[in-house]
Amino acid sequence: MSERIFIGVAWPYANSQLHLGHVAGAYLPADIFARYHRTRGDEVLMVSGSDMHGTPITIRAEQEGITAAEVAERYHRLFMASWPKLGISWDCYTSTATANHARTAQQMFLSLYEKGYIYKDTVCQPFCPHCNRFLPDRYVEGTCPHCKYEGARGDQCDNCGKPLNAAELLNFRCKNCGNPPEFRETEHFFLKLSAFEEELTHWVETKTYWRTNVLNFTLRYLKEGLKDRAITRDLDWGVPLPLPGYEGKRLYVWFEAVIGYLSASIEWAASKGQPDEWQKYWGGDTKSYYFIGKDNIPFHTIIWPAMLMGRGGLDLPYDVPSNEYLTIEAQKFSKSRNKAIWVDDVLSRYSVDTLRYLLSANMPESSDMDFSWREFVRRNNDELVATYGNLAQRVLTMVCRNFDNKVPEYGELDERSLNLIEKTSAMLFETDKALHGCNFREAIKLAMSLAQEANRYLDEKAPWKEIKVDKAAAARSLYVAMAALSGLRVAFYPFLPESSSRLSTYLGFGSEIEKDGWVLKMPVAGQEMIPPEPLFKKLEDSVVEEETARMGL
C-alpha cells in the first residue's frame, strides 16, 4: 500500500560552505529516505532551503564589510551548485529570502497573534554600549549555566543542546567587540509556549517509535517546564513584523525558519501550476518526517509542533529522525578552526558514491560517529571495490564475453541457486523494513552482506571453470549472480544512486530504478547488454597521509 511522505530537511545557514558534518547529519539521510520511498511507489515531497536571515549571516557580513544579502546570496548559490554533486534529489530547494516565504511567515505570525498565542511584553535585552546596539542572541557568548561549556551562545548551548537566553549565560560578552553588554528595556513579541505544555507532553508520549535520543531529550525538556520565548529581534535584516509601528523589528530566525517547510511546499505547488497541491502533504494521511542534527531537536519536537498546534489545520511531525554529530579523526567539526571536510573540495577528488557509502555506513544515528580517512580508504577498497564492485565486474564481464553481450538462458536452477535468489528477495524485504524505520546503517549493512553471499556463491560455482566443460551450467550460475546484482542495484540505490543506475543499465534494465519498484526484477534472457566499466576505483593508501596533512592533523 502506497504512502504519502513529506520530508522537511534542516535549512543550512547561508554563511559558509557545506561540510561533511552537514551531509551526514541531515541531507544524506533525508535523500536516502526520499529515494527509498519513491522507489516503493510512494508520493514524496522533500523540501529545504537556505536560511538567509540568521545572525551568523550578519556576523559574517560585518566581518567582510559587505551586506548580509550579499553574503547570503553568495552561499545560497554555492549550496545550489553543491546539491547535484552530492546527488541530493530535492523536490524544492529554495531560500528564506523569497516574497512567498516572507508572506507565509507573516501569515503564521498573525494567525497565532490573533488567537492569543503571541503577546507583546517589555523585556531586558543585552545592549552593547561600545557597539551602540541591541545584541541578537548569537552576538552574545559566554559560559553555559547547565554544562559550563565556555562557548555557549545567547540562544543555545551547542555542547548540551539546551536553548538559552542571553541573561542566563555566565561571563557573557559581545561577540563583536568582546566587551560585556548591559541590559536595557525593549518591547518584543513572545510565543506562549507554556500554553502548549500539556498538549505537547501527551503528543510526545505517543512517539514511542522515535529514536531514543530524540524522545528522551524532548521529554526531559518538557519536564523542566516550557517558558514563553521571544520571537522578534531588534534587527534590520530578516522578515519584517507584519504590524504597524514595529518597522525596526524582525521575526526571530528560529521562529521564522521552521515556517520555511510550509513556504517551500507552497512554492513547490505553485511551480507545478497547482497552487493548492501543497495541502495534501500537510493534512490527512500524510506522514511528515524532519531530518535534522541534534542541535535542532527542540525546535522540531517542541517549538514547531506548538506553532502548528496553535495555527491548526496542519499535520504535526510524524517522526524527527535526528542524527548525532560526525567527528573527524576524533575531533569535532569546526569551521572556524578549519577542522572540516568541505563538500566541494572532497568531491573534486573522490566519487560521490564512495563518499555517500562511508557516511551511510558510519551514520551517527544514535551516537556520535567518527570520519576517518583510514576507514574511508579501507571501506572503499574492501567493500565497494573488492566485494560489491568486483562481483559486478566479473559477472557482467563473463556474460558479455561468453554470451554475445546478452543475458544468458538459464534453464532449471539447482537448490543452491534458488537459495541465493531467495536470500536476495529476503534482503530486499529486510532493507525495506530497515529503511522504513530510518535505520540506514542497518539497511546498507544488509545489502553489503548479500554482496558477500553472492561472491561466495560465485566462488562455489566457479563459472570460469564451468564455461570450459558445461556452458549451460555457467549460464545458470551467471544468471543467478545477475539476479543477485539486480536486487543489489535496488537496495543500494538510495545510498549509491550513481553507481546503482550504471549497474542497472549494465544489467539491461535501464537507469531509472525508481520505476521498477522495491522488488527483485529478474534479468530477461536474451536482453542486449553493454560491456561494463568498473563501478568503483581503488584508492591508494597514501590518501590517508595526504588528506590528514591537508587538514593539518
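A Cβ is built for glycine as well, from the same backbone N, Cα and C atoms used for every other residue.
If you check Swiss-Prot, you get these features:
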MOTIF     12-22  motif ''HIGH' region'
BINDING   Cys144, Cys147, Cys157, Cys160  Zn(2+) binding site
MOTIF     332-336  motif ''KMSKS' region'
BINDING   Lys335  ATP binding site
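Positions of Swiss-Prot features highlighted on the structure.
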residue: Cys144; record: Zn(2+) binding site; CB count, 10 Å: 21
residue: Cys147; record: Zn(2+) binding site; CB count, 10 Å: 12
residue: Cys157; record: Zn(2+) binding site; CB count, 10 Å: 23
residue: Cys160; record: Zn(2+) binding site; CB count, 10 Å: 14
Response to the item:
Reduced DSSP state (H/G/I helix, E/B strand, rest coil) at Cys157 (Zn(2+) binding site) is coil
Item to complete: Could you name the residues, excluding Cys144, Cys147, Cys157, Cys160, of the same chain that surround the Zn(2+) site, i.e. Cβ within 8 Å of the Cβ centre of those residues, in sequence order?
Response: Pro145, His146, Lys148, Tyr149, Ala152, Asp158, Asn159, Gly161, Lys162, Leu164
Worksheet item: For the motif ''KMSKS' region' (332-336), what's the model's average pLDDT?
Response: 62
Worksheet item: With DSSP helix as H/G/I and strand as E/B, how many residues of the motif ''HIGH' region' (12-22) fall in helix, strand and coil?
Response: 3 helix, 2 strand, 6 coil
